[in-house]
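Chemist: Sending over a structure as C-alpha cells; questions will come in a sec.
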Amino acid sequence: MNVRGRVAPRRVTGRAMSTLLAYLALTKPRVIELLLVTAIPAMLLADRGAIHPLLMLNTLVGGMMAATGANTLNCVADADIDKVMKRTARRPLAREAVPTRNALALGLTLTVISFFWLWCATNLLAGVLALVTVAFYVFVYTLWLKRRTSQNVVWGGAAGCMPVMIGWSAITGTIAWPALAMFAIIFFWTPPHTWALAMRYKQDYQVAGVPMLPAVATERQVTKQILIYTWLTVAATLVLALATSWLYGAVALVAGGWFLTMAHQLYAGVRAGEPVRPLRLFLQSNNYLAVVFCALAVDSVIALPTLH
C-alpha cells in the first residue's frame, strides 16, 4: 500500500482549504451580518411590505460584494497595526497567509463588480452609494480618521450606516426621510457598540498607536459618551416609528429601555469604582440592533396603519 501517495493529496487539499479560509477571513464575514440585518428591513419599509424577491436578491448580492471588497481593502490598509494587536494578530495579512497584492486585487475587483452589479440590477444611485461607501470606509476612516482622532468611529461609522441607504434607494431610486432615520440609528449605535469592545482591548490600541477613545480617555469619560450615544440611538428609533405602526414603536420602546439600562449600569459601575463588563454591552448591542430591525421588517410586511 502506497501510504505516501495517499498522504500527499491530503496535504495539498489541506493547504488549499487553509488558503481558501484565509481569503474568506479577509472579507470579515461576521461584519456582513450588519448588511443583512439592516438592508432587508430597509427594502421592506421602502415599499411598505411589498416583496420584490429578485430585486432584493440582487441588492443583497451587490451589497455583499461591496462589503467584502471594503473589508478586504481595510485589511490591506490595517496590516501594519493588525500585526501588533493581539486581537487581530491572526488575521491573514498579519500572519502573511495571503500576499498583499492578492488581497488588494481581490478588494478592488469586488468593489468594481459590486458597482456595476447594483447599477445594472437595481439602479445607478444604489451603485454610486456602494462605491462611495467603500471609498469612505477605506480612505476616510481606515487611512485617516482611525489613526488621527479619538472620534474616529463616530464619523467613520457612517460607512456602516450605508446598507440601509443602498437598500432603500435600490427599491425606490430615491432617498427619503425614513432612510435617513435608519441611517441615524446605526450612526448613533456604532460608538457605544465599538467603544464597549475597545474598552476590553484598550491596551491593544495603545500599543498600536490607534487613538480609539478608550485608549486615550478615562473609563468614566468613555462610559459617559457611551451613555449619550445610547440615548441618541433610542431617540432615533422612536423617530422612525412615525413611518411605521404601533408594533415597531412598541418594540423599539421596550428594546430601547433595555439597551439604556445596560448603558446606565456600565456608567454607574465605573463611577462607583466597581469591576465592569463592557464586553457584555458590546454583545448585547448586536442583539438590540437585530431586534429593532427585525421588528421593522415584520411591521413592514404586516403593513398595519402607520402612526403619523
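If you go along the chain as it appears here, the first residue is 1 and each next one adds 1.
Placed from the backbone N, Cα and C atoms, the Cβ positions cover glycine too.
These came from Swiss-Prot, pasted as-is:
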type	residues	note
TRANSMEM	20-40	transmembrane segment
TRANSMEM	50-70	transmembrane segment
TRANSMEM	102-122	transmembrane segment
TRANSMEM	124-144	transmembrane segment
TRANSMEM	149-169	transmembrane segment
TRANSMEM	170-190	transmembrane segment
TRANSMEM	227-249	transmembrane segment
TRANSMEM	288-308	transmembrane segment
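Set these features in their place in the structure for me.
Modeler: Long-range contacts of the transmembrane segment (50-70) within the same chain, counting only residues at least 6 positions beyond its ends with a Cβ under 8 Å from a Cβ of the stretch, are 27-28, 31-32, 35-36, 39-40, 43-44, 106-111, 113-115, 117-118, 121-122, 126-127, 130-131, 133-134, 137-138, 159, 163, 166-167, 170-171, 301.
Here the transmembrane segment (102-122) has Cβ contacts under 8 Å with residues 23, 26, 55, 58-59, 61-63, 65-66, 68-73, 75-76, 92-93, 128, 130-131, 134, 166, 169-170 of the same chain, all six or more residues outside its ends.
If one looks beyond the transmembrane segment (124-144) by at least 6 residues along the same chain, the residues whose Cβ comes under 8 Å of a Cβ in the stretch are 59, 62-63, 66, 69-70, 73-74, 77-78, 111, 114-118, 152, 155-159, 162, 165-166, 169-170, 173-175.
For the transmembrane segment (170-190), same-chain residues at least 6 beyond its ends with a Cβ under 8 Å from one of its own Cβ atoms are 34, 38, 41-43, 45-47, 52, 55, 58-59, 118, 122-123, 125-126, 153-154, 157-158, 160-162, 164, 229-230, 232-233, 235-237, 239-240, 243, 285, 288-289, 292.
Long-range contacts of the transmembrane segment (227-249) within the same chain: residues 45, 177-178, 181-182, 184-185, 187-189, 191-192, 255-257, 259-260, 263-264, 266-267, 292, 295-296, 298-300, 302-308, each at least 6 residues beyond the stretch ends and with a Cβ under 8 Å from a Cβ of the stretch.
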Chemist: So which residues does the transmembrane segment (149-169) touch in its own chain, when a touch means Cβ under 8 Å and the partner is 6 or more beyond its ends?
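Modeler: Beyond its ends, the transmembrane segment (149-169) has Cβ neighbours at 34-35, 38-40, 42-43, 45-46, 59, 62-63, 66-67, 70, 118, 122-123, 125-126, 129-130, 132-133, 136-137, 140-142, 175-176, 178-179, 182-184, 186-187, 190-191, 194-195, 210-213, 215-217.
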